[in-house]
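As recorded in TrEMBL:
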type	residues	note
REGION	1-44	region 'Disordered'
DOMAIN	95-506	domain 'Amino acid transporter transmembrane'
TRANSMEM	106-128	transmembrane segment
TRANSMEM	134-154	transmembrane segment
TRANSMEM	174-197	transmembrane segment
TRANSMEM	245-265	transmembrane segment
TRANSMEM	285-303	transmembrane segment
TRANSMEM	334-355	transmembrane segment
TRANSMEM	375-399	transmembrane segment
TRANSMEM	420-441	transmembrane segment
TRANSMEM	447-469	transmembrane segment
TRANSMEM	481-506	transmembrane segment
């Protein structure tokens, strides 16, 4: 009998590790995988393939099992992919990471809405203002964690968009009815509001820089809206959500900078002589109640951005060994740490500096009204310019779901990806539609209370319901009661804040503006 080494009798080539198909993008880019060691205490389906288990087994079988273990840990679970996702801007590239998640969440979470938080404090006072802001921050951080966990709650399925998760939880038709309007408004409505705010801020920046040397025939406000819209359309030609990570970083840095500058400049100046910290009251009890509800709606509107959480997470690769929720939650924690460093100082510092004299337009209006001659013109112009940069960056991330919807409709009908001209045409169309809506409804950006009430379920209520319907905790357990109660409380707040916002809109005759400089 021919005696040959055992390794020659059976020669089994090593099975190469195969990446999950999700991260194969048109550009061929892959996400760098961190070299982390799994915890020994964590059980996985391949944990039984250990050195102790393999020790009595012969070399060929050992090699097969080791290769199988590496393959299973790399591939994880097989995900059913929709080929159309490779053509759409949200899911076209899956090479995102924790840094990208932090940039996108910061860009979406800090913005113009933070500048009107001191207006809410003028109606709530110190105690209720700080308490309401703290509760809202903790509540939305918890629902953010819920959305991150539900992204891959069902094995083999990734919910890449908020509406997809709502359909999985509430049913195909009811999910669309419940989630489509608030998410569409948060995307398209916020893009329109950003055009109004960006155009007005560009106009003020030009006036501050130019000063008395300005021509006698400057651009009108509508013309500044058009200039800002044109800049947004040029930047919107970037193809997908991952490609705007650099813009999100710029938006995050500028938002943090101008938020800090605004409250530091306000606190460093002399406070108005007639300042008071007593909450503003209305002539009637019902009027005071509605004013408080509108103020709480303003606080709720400050925490928009949950409609983008699943979209941001869908840009990351996900395997059994490296699930997407780990880098997503890491990036979200970093971003919301900086968001807290922005919204709490600007709310407390702004109310301390102006009290109940705070104009309805927020911090920029207060700076311009009270300290236009006290603050160096260069510093004031820098703050306004940073707001413009932040609005340009925020427009891109809030418009991406709308671009995705346009292209999804096109690709589903033609069964082919959008050409560069079709994609560009969709984005030009969306930009100018937002511009015309802004011109027709110039008061849109002032309705923070109403909009906060209408869109509140996306952030505070729906995630709690979806957790119960998808995770299915034990009926009548604490977990079951907690999430149902938190969700219905969010719905009740949504109705109340919407009523308060409508009251504020009617009593002010739709004449409020986000920023209106004094004559």
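Including glycine, each Cβ sits where the backbone N, Cα and C put it.
By the count of Cβ pairs under 8 Å, the stretch nearest in packing to the transmembrane segment (134-154) among 245-265, 285-303, 447-469 is 447-469. Counting Cβ pairs under 8 Å to the transmembrane segment (375-399), the top-ranked stretch among 106-128, 285-303, 420-441, 447-469, 481-506 is 106-128. Remote same-chain residues near the transmembrane segment (106-128) are listed as 193-194, 197, 247-249, 251-252, 255-256, 259, 262, 277-280, 291-292, 294-296, 298-299, 301-305, 308, 335-336, 338-339, 342-343, 346-348, 350-351, 354-356, 358-364, 366, 387, 390-391, 393-394, 397-398, 445, 448, 514 (criterion: CB distance under 8 Å, separation of at least six residues from the stretch ends). When Cβ-Cβ distances under 8 Å to the transmembrane segment (481-506) are tallied for each of 174-197, 334-355, 420-441, 447-469, the top count falls to 447-469. Only pairs six or more apart in sequence are counted, and the transmembrane segment (174-197) with the transmembrane segment (447-469) gives three or more Cβ pairs under 8 Å, enough to call it a contact.
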